[in-house]
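Record features (Swiss-Prot):
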BINDING   Arg14, Arg15, Glu16, Tyr17, Lys72, Tyr129, Arg133, Ser137, Arg197, Leu198, His199  substrate binding site
BINDING   67-72, 82-83, 88-89, Gln111, 146-147, Trp191, Arg201  FMN binding site
Amino acid sequence: MSDNDELQQIAHLRREYTRGGLRRNDLPAEPLTLFERWLGQACDARLADPTAMVVATVDENGQPYQRIVLLKHYDEKGMVFYTNLGSRKAHHLENNPRISLLFPWHMLERQVMVTGKAERLSTLEVVKYFHSRPRDSQIGAWVSKQSSRISARGILESKFLELKQKFQQGEVPLPSFWGGFRVNIEQMEFWQGGEHRLHDRFLYQRENNAWKIDRLAP
């Protein structure tokens, strides 16, 4: 198959979105109410990793980067995730706290985009979550100097076994280089696929401690 033939095949990959629409009268006043409903439906549908979200940050040169991270908590204060504080995303957020999150629930023909500013979590919040993780995951947090270059996977595996022996007694301590961020939500956009590419999009935007809701063209 030539490169041109392959491109033609990709160009024709499409499907109709038929699962249903989203109407203004169906929207709650608070975006997290709708998010909770949609997340619950994603869980009920047994989607793989329904809390997985694409996290977008920007470096000092304006170059955007994305990666998939798991949402670990949300409430009226914002959305929370955890990471190695030496990671690329953590360094980006230290210099520029602007951030975007995307929940791609393809099977439900939905996506939710969140934009706002990220702030570091308190040590108390981080410790509480860290010790709720499986013990091997706690040890794994010690192993990796995230985003640094390594020559082989065996380095990680050897370090894991070494630390598992070291921490076999008692509680695994919280690494000083491990923490979390809370995304203070400024906007949330809900997208529902529609027939003939006439998708439904609604934008919640915070204004004066209230939420303004607008329908956007698809």
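Each residue's number is its place along the chain shown, starting with 1.
Using N, Cα and C of the backbone, Cβ positions are placed for all residues, glycine too.
For the binding site of substrate, formed by Arg14, Arg15, Glu16, Tyr17, Lys72, Tyr129, Arg133, Ser137, Arg197, Leu198, His199 according to the record, the largest Cα to Cα distance is 44 Å, rounded to a whole number. Between the listed binding-site residues, namely Arg14, Arg67, Arg201, the fewest other CB atoms within 10 angstroms of a CB are found at Arg14.
The two recorded residues, Arg14 (substrate binding site) and Gln111 (FMN binding site), show a Cα separation of 17 Å. Arg197 (substrate binding site) falls within a helical segment according to DSSP. Around Glu16 (substrate binding site), the same-chain residues six or more apart in sequence whose CB sits under 8 Å from its CB are Glu195, His196, listed in sequence order. Shown in sequence order, Thr57, Asp59, Tyr65, Gln146, Ser147 are the residues of the chain, 6+ apart in sequence, with a C-beta less than 8 angstroms from the C-beta of Arg88 (FMN binding site). A count of other CB atoms within 10 A of each Cβ picks out Gln111 as the most crowded of the binding-site residues Gln111, Ser147.
Rounded to the nearest whole angstrom, the C-alpha distance between Arg133 (substrate binding site) and Val69 (FMN binding site) is 15.
Comparing C-alpha positions, Lys72 (substrate binding site) sits nearest to Tyr82 among the binding-site residues Tyr82, Gln111, Arg201. Cα separation, Val69 (FMN binding site) to Arg197 (substrate binding site), rounded: 29 Å.
Take the CB of Leu71 (FMN binding site) and look out to 10 A: across all protein chains shown you find 20 other CB atoms. Annotated pair Gln111 (FMN binding site) and His199 (substrate binding site), C-alpha to C-alpha distance, rounded: 11 Å. Annotation: His199 carries the greatest number of neighbouring Cβ atoms among the binding-site residues Arg133, Arg197, His199 [cut-off 10 Å, Cβ to Cβ].
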